[in-house]
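Taken from TrEMBL as is:
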DOMAIN    B:4-70  domain 'NLE'
REPEAT    B:97-136  repeat 'WD'
REPEAT    B:136-180  repeat 'WD'
REPEAT    B:185-217  repeat 'WD'
REGION    B:222-243  region 'Disordered'
REPEAT    B:253-293  repeat 'WD'
REPEAT    B:303-325  repeat 'WD'
REPEAT    B:338-374  repeat 'WD'
Amino acid sequence: MEESSKRSEQRKEMEKERKKGEKKRRKEEEEEEEEILIFNHKSAEKEKEDEDLSDSEDSVFSGLEDSGSDSEDDDDDDEDLKVDQNLSQQEEEEEEEEEDVQSSLKKKDEEEEVKRDEYEHDSSDEEDIRNTVGNIPMEWYKDFPHIGYDLDGKKIYKPIRNKDELDDFLDKMENPDYWRTVQDKQTGSDVVLSDEQVELVKRLQRGQFGDVNFNEYQPQVEFFTQEVMLHPVTNRPADKRSFIPSLLEKDKVSKLVHAIKMGWIKPRRDSRDDSRGRYYDLWASEDTSNLARHRMHLPAPKIPLPGHHESYNPPPEYLFTDEERALWEQQDPVDRKFPFVPRSFSSLRLVPAFPRFIHERFERCLDLYLCPRQRKMRVNVNPEDLIPKLPKPKDLQPFPTTQSLVYRGHSGLVRSISVSPSGQWLASGSDDGSVRFWEICSSRCLKTVQVGGAVKSVAWNPNPSVCLLAVALDSAVLILSPALADRQVVLSSDRLLSAPQEAEPIEGDGLVNWSDTEGEELNQGIRLKIQHPKAVQQVAWHTKGDYLASVMPDHSSHLQVLIHQVSRRRSQNPFRKNKGLVQSVSFHPIRPYFFVATQRSVRIYNLVKQDLTKKLHANSKWISSMAVHPGGDHVICGSYDCKLSWFDLDLSTKPYRMLRHHRKAVRSVAYHRLYPLFASAADDGSIIVCHGTVYNDLLQNPLIVPVKVLRGHVITHELGVLDVTFHPTQPWIFSSGADATIRLFT
Amino acid sequence: MSQLQARFFTENKKYVVDDVPFSIPAASEVQDLSNVINKLLEAKNASHTTVEFDFLVRGLFLRTQLSSHMETEGISTEDVVEIEYVERLTAPEPEECMMHDDWISSVAADSEWILTGSYDKTARIWSVEGKAVMTVAGHSDVVKDVAWVKRDGLTSLLLTASLDQTLLLWEWNSERNKVKARHCCRGHTGSVDTVATDPTGSKFCSGSWDKMLKIWSAVPTDEADEVEEPGDRPRKKQKTQQLGLTRTPLMTLSGHNEAVSSVLWCDSEEVCSASWDHTIRMWDVETGEMKTTLTGSKVFNCISYSPLCRRLASGSTDRHIRLWDPRTKDGSLVLLSLTSHTGWVTAVKWAPSHEHQLVSGSLDNLVKLWDTRSCKAPLYDLAAHEDKVFCVDWTESGLMLSGGADNKLYTYRSSACQMDVGA
């Protein structure tokens, strides 16, 4: 019904337009309107008929027939039929409508051209019945007075065109319908287009359907859907071929099968195989851990299933006897076999509420919550694996292992020992005021020199061609010639001592006083006495055996170290400033360097350039002793805070390794001249021998392995081992202690 | 208890038993077996007095149960076991104690006389019975080693080596008890630690701390050899020190890198020396060339050679006595290690008349008597000394001697020694 109302509105508009149009053409227009409307829906037709008092209420086509019948000719019957066909086609095939509309438009034009009288001939769109020249370019008739021929063969004359340009212009200005006036080329007459025609043209220009009422988007009727219809769309019986196997296909298949069997055709490869090679499985290795996690999973503990005891009416054997009940009551709740007493009820109705329900649920929750749900992966780290791989001490032999000889004879603590370069003699200085010379292999004391004061330090001249011993006591340094060597050696050492007679007056500053000894002292072998201004703590020889350094520790003075040249009897103070309390000094075994150990650091001076080369920081509070590796590139320092620090001079000024094996103050450290050994002696009475291989390769750090703890010295007056030194050629170590003994470990 | 089939045999004719297999308990020990033999002997000879025996299974002394011994030695218990038995060596007892004034550094025994060197710079001559006969004084320093050279009737030649770098060749007349320094052997530049006379008594070899071995003539002459003396040597000193005629070495053998600690003659052409450089070297005296080197791992203190078993025994600073075969070319192969001492082995000496026995002295104050057939443990520990033992020796009569830092020279006598000598 909405549709109908719409159409009525349309129609009203049309009526307005019609009123605007010329009155003389009203009838024609009505006819045209009819015609146009005829093309449209029959409902519209009906309304129009209602309004226009048209005669028929029949079919869609009746109106046309009517109109046709208006100007009926006998000839036109078949043409009417054609129109019928056209219309029926329009209805059926909406897609092809445009052409038809155009043709109908053309038809209308023709209608207007011929006006009323020509109208009846206007039933064919194939051929213009008014002009029979056909579809030719009309300029061919340009020069003729006629424009063609009618059906009777008479000339159709061109309408008289007497309008000039001015008339045309005036017409253009004055005629309101000028814009809609077109010339019909077929007849040469002017045609004024009606409103409907103009509208139609506009619509066609816009690309719309010529018919206003035509709905382009009519709902489609789906015939072939997935829905099973009640009735078949077609009534045709199924083809025979749909149920008879095709012989052609059979033939084709057999050929293919044969070809596959013969190997002419390779079956298509499985696409999955293909993908396996082409794509990388990103997670292939990953899910093992995931699986492991699942494997380690522990399921929650299960609740034990109820047994007969839990029954509301258990057999009597499950019920407690009196003793059992008494036992149950006595027992701890933890020890009880059941957390309840089995009871019997005649019926389930009588069973009371379970009093322990909340408790039991709570315990179950605790079970679930406290039970470990995953197996703990404990990483078993073997503590042995964390220890760095060091060679076994067994593989680092030889090193001293056992105490072999004890040199007894001193009555005071033995402060210092020194082995002769030949390895035959051992000199020791003690607090009892004597220096003793021992034969190493038999522990025989062959010589005792009373020097009349506590001996602080003894040092054997490292030059094998002389046999001299420097002894530090009180404020003097004595040079002893023990005459324990070959005559030649004794003579050469005598020569060394007696040479500088002429140089004597030059000796410097009055700091020290060189003097020859006489009488008893000379008989004992004391050859020279170098009187120092202060107490001397240590003496150290240069490798060549001519220079001798002595240490006089003093906080306040820069005069702490003196270097003496024995052959020229000269002494000099190498330092102008006090850099700290000097503990120990040493000459570099090869190069002209001089090591000075103060309380906290070791300074290395270049004796040629006379400047400080390096300063080593021992991370210790108070250095007690120092030893220089025979290669000259390594230094060890013992300190009173129980530490031993190894410096690699090529590596750093910080200790390469700190060894804290001693329990008390380290008193002395020593390197072996040939074997890769070093040792430290401490107040705890122990000597720790370490293996210390030094590599020529600069990239390889020294290998330090503690190999042996040697004990033997008795701790007296809180003092243990005071000095330690290696045999020059054998892997033997000598130690002197506060118990007045010297011990040899081999 | 399981039984073993054993057959007993002995070299000693006195104690021969029947050569038939006996069934003896596998768990029996030395004492049980000894009782068995004594029973057998008693059954054979009513006048037999009980004798203690020692038993050898395949050349090794039985020290444990017979079964366990055979198990450790891998001897089948199925077969008949051959067991040798010898009269057990009774424990050597200290017989004499000869007191010295100072440490005894060395001892050399003759069949009659004992020569000792001492740290009091003298050498002493003792009779075997322990009577001091003579004091030989002349060195200016400790006497490190002594040796007998030759005996011609009543006069004997003897050698002393000293720390004063000289050796003295003395002529001692035992009848008049006069000693005279015949030659002063100069040439070493270190203390002379060891001296050995060649078997013929015409030469001797000395080893010194200066790493040299020197061969000297032992024949006394009346002429002094030319010695190049340094020009500036004080004349006076030379005169006072001069004792006997100066003698220079016939030959110097150099090759050791460290002090020579011990030297001996294997035969009249071969000298063997042990050194602190961990080697034992054999030298050809004729050419002066080194023949072979045996390399050890520790300092050698002493060596001894037995012509009976042709083995070299060495004592070193690592407490072991090692037996070497000096004839092996490549050396370095230790045949046997005898380990029981706890200090440096300072002296070792083969028995002159027994193939298997040797005696050793050590810094652990002990003298040990070894039998190479029982290498696990010594036969006897002789714990007479109170201080370090420096020297041991045998007399030709089988008497053991040892001296040390307690100034005492002990002689030990063992019953079996006499027996061996007598046999």
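Every residue, even glycine, has its Cβ placed from backbone N, Cα and C.
Just so you know, TrEMBL annotations are computer predictions that nobody has curated.
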Taking the repeat 'WD' (B:253-293) as reference, which of B:97-136, B:185-217, B:303-325, B:338-374 has the most Cβ pairs under 8 angstroms?
-> B:185-217
When you scan the chain for residues with a C-beta under 8 Å from the repeat 'WD' (B:338-374), skipping those not six or more beyond its ends, what do you find?
-> 56, 59-61, 63, 89, 92, 301-306, 308-309, 311, 313-317, 319-323, 380-394, 396, 398, 400, 402, 404, 410, 412, 414, 417, 420-421
Give residue numbers and ranges for long-range contacts of the repeat 'WD' (B:97-136): same chain, 6 or more residues beyond its ends, CB-CB under 8 A.
-> 142-148, 151, 156, 158, 160-162, 170, 172, 174, 177, 179, 384, 390-397, 399, 401-405, 407-411
Determine which residues of the chain contact the repeat 'WD' (B:185-217) at the Cβ level, with the cut-off under 8 Å and only residues 6 or more beyond its ends counted.
-> 141-142, 144-150, 157, 159-169, 227, 246-254, 256-265, 267-268, 271, 273, 275, 283, 285, 288
Mind tallying the repeat 'WD' (B:97-136) by DSSP state, helix then strand then coil?
-> 0 helix, 26 strand, 14 coil
State the mean pLDDT for the repeat 'WD' (B:253-293).
-> 87
Secondary structure split (DSSP) over the repeat 'WD' (B:303-325) reads 0 helix, 15 strand, 8 coil
